[in-house]
Amino acid sequence: MTFDNIRTICTTILYMISSVLFIRGIKLLGKADTARKGNLLSSVGMLIAVVTVLFEKEVTSTISFGPAQNAYIWTIAAIALGGIIGAVWSKKVEMTGMPQLVALFNGFGGLSSLLVALTQYMTDKNINIFSSIALGLTIAIGAIAFTGSIVAWGKLSGKMFKKNVTIPAKNAINGLLAFVGLVGVVIYALSIAGVVGADIGKIGVIIVTCAYLVLGLTMVVAIGGGDMPVIISLLNAFSGLAAAFAGLSISNSVLVVSGCLVGTSGLILTLIMCKAMNRTLYNLLFGSFGSTKKGTAGEQKEPKSMSVEDAYLILEAASSVVFIPGYGMAVAQAQHAVKELCDKLEANGAEVSFAIHPVAGRMPGHMNVLLAEANVPYEQLKTADEMNPQMSNTDVAIVIGANDVVNPSAINDESSPLYGMPIINAFEARTVFVLKRGKGTGFSGVENPLFTNDNTVMIYGDAKQTVTQLVSEFED
Amino acid sequence: MAIGEILLLVFVFVIAGFLGVELISKVPSQLHTPLMSGTNAISGITIVGAISATAVALHTDGMLSNICGFAAIVLATINVIGGYMVTDRMLGMFKKKGDDKK
């Protein structure tokens with residue numbers, strides 16, 4: 001057996017081990033008790049895969065080159081740089097800013113796959129028709145994942161693309177871009193097959209890169225911020241798929257396995273999220289949510305508002321209180337104050353629970369993470385299904401920065417864009433407090449009739465301040 | 001690349017795809033975000049492709065491909081390291097609750 005054969009056997013076995021660790025890791029990530037272990041396992045798998053590639057022939061053969069062409073020097077420098085950036089960002093990010101960070105990381109993953117394909121295009125002399133098609137598709141999917149994630153990041157962090165841009169004939173434009181890009185892939189493949197020249201093939205690569213970079217932008221920019229969790233999940237699936245196609249193109253099995261695992265599991269997760277919001281993926285991508293919703297204006301009642309002191313008197317008399325948190329709680333960083341208020345209410349003899357809508361916040365589970373950070377016990381966090389039957393026996397429901405997830409239009413107004421979405425039935429509680437900064441609509445832009453109900457009182461102001469004031473009222 | 005190798009890769013691709021579908025079912029909603037972020041870190045596996053492609057690029061002349069490869073490694077590393085660390089931070093918060101229960 002030659003040295004090269006032994007090397008191939010060893011690297012294949014190591015890639016196999018790392019693939020198995022990824023599979024186990026994803027499986028364990030889906031269960032509450034084992035999730036952290038699952039994440040650790042998959043990171044070990046990643047380490048094994050990275051170390052293994054350093055022993056591949058194309059990498060080891062650069063060791064005799066000078067420092068400027070030694071792959072180890074380039075790799076270690078790049079990993080050190082990327083590692084520091086990634087570590088600092090993930091340490092520094094506030095838990096509230098996490099959804100956009102995940103979107104940003106995902107965009108980097110997509111861009112990385114795109115660059116891998118371009119690097120291979122520029123240097124690999126052994127590209128055949130099969131790998132050229134895979135390479136073209138890597139560019140396409142990587143590009144969508146990149147620009148799409150950047151737009152999602154901008155929308156979530158409020159830095160860019162805040163307004164929902166309505167693109168006229170959106171589907172036609174997107175369809176055309178997708179088609180033109182695929183034509184680019186075909187042109188490139190034809191140039192590899194020798195039908196057309198290499199120069200025309202180059203044009204094909206440029207076409208697919210540009211078309212899909214633009215497509216990521218036009219696809220996501222028209223989608224409302226409220227749907228961003230689903231979009232991030234979908235783009236996550238895309239960046240996995242891009243890695244898988246990159247694997248097909250450079251014939252690396254570990255890339256194919258783990259990329260494809262992420263691609264399809266991400267797609268399933270996307271569908272689960274869509275279901276929780278009663279949306280279909282088709283509707284989300286091709287529907288025009290933003291344009292037809294203003295029809296249901298009807299008569300406008302002014303919501304009632306109340307001072308913190310009066311709210312305190314009601315809370316003091318309450319024997320059961322439900323908190324319904326939303327993204328506003330995250331923005332105001334109110335979770336610790338909420339926990340304090342929760343303790344005060346319990347000391348006062350009230351039964352307190354938290355009703356968490358599956359898509360409250362900007363990502364599913366976002367509220368759970370925040371409340372966990374504030375040490376709210378797990379048993380107090382209830383799902384919408386658990387909480388709704390008890391809602392009519394609840395004295396006070398406190399809605400903190402949530403809007404669409406408590407909008408009764410979802411139940412009783414067929415013309416509402418939210419119609420059919422499962423909500424938390426806050427309106428059934430005897431009294432509803434809504435802590436809100438101003439009179440604006442929710443992320444979806446839909447009016448909320450809950451706010452003008454007779455049993456609803458608005459407490460305007462920063463959620464954290466309001467809650468802190470309530471806490472100090474209890475202390476007096 | 002021989003036709004056998006190509007077919008084997010396609011085979012692995014399809015099987016891995018179906019495996020991904022089977023792995024994710026009945027995930028409690030509070031784990032959706034960590035799961036998304038954890039699988040996002042795994043999609044940083046493209047780092048392996050980036051290292052390999054950079055090494056190939058270093059065999060040839062031309063600085064542009066080297067820089068492209070370098071950037072690909074940096075970006076993939078941010079995705080991997082950042083992704084795993086953020087996921088661990090999130091899950092660490094869930095852990096605390098378990099300790100409280102005891």
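Any Cβ shown, glycine's included, is placed from N, Cα and C.
Listed features, source TrEMBL:
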TRANSMEM  A:6-26  transmembrane segment
DOMAIN    A:12-472  domain 'NADP transhydrogenase beta-like'
TRANSMEM  A:38-55  transmembrane segment
TRANSMEM  A:71-89  transmembrane segment
TRANSMEM  A:101-123  transmembrane segment
TRANSMEM  A:129-154  transmembrane segment
TRANSMEM  A:175-197  transmembrane segment
TRANSMEM  A:203-223  transmembrane segment
TRANSMEM  A:230-248  transmembrane segment
TRANSMEM  A:254-274  transmembrane segment
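Beyond its flanks by at least six residues, the transmembrane segment (A:6-26) meets 38-46, 48-49, 51-53, 55-57, 252-254, 257-258, 261, 265 of its own chain at Cβ-Cβ distances under 8 Å. Against the transmembrane segment (A:129-154), stretch A:230-248 shows more Cβ pairs under 8 Å than any other of A:38-55, A:71-89, A:230-248. Sequence-distant contacts of the transmembrane segment (A:38-55), counting only residues of its own chain at least 6 positions beyond either end whose CB sits under 8 Å from a CB of the stretch, comprise 7, 10-11, 14-15, 17-22, 24-31, 72, 75, 79, 254, 258. Under 8 Å from some Cβ of the transmembrane segment (A:101-123) lie the Cβ atoms of residues 86, 89-90, 93, 135-136, 138-139, 141-150, 152-153, 156, 205, 209, 228, 232, 235-236, 238-239, 242-243, 245-246, 249-250, 363, all in the same chain and six or more residues away from its ends.
Confidence over the domain 'NADP transhydrogenase beta-like' (A:12-472), given as mean pLDDT on the 0 to 100 scale, stands at 85.
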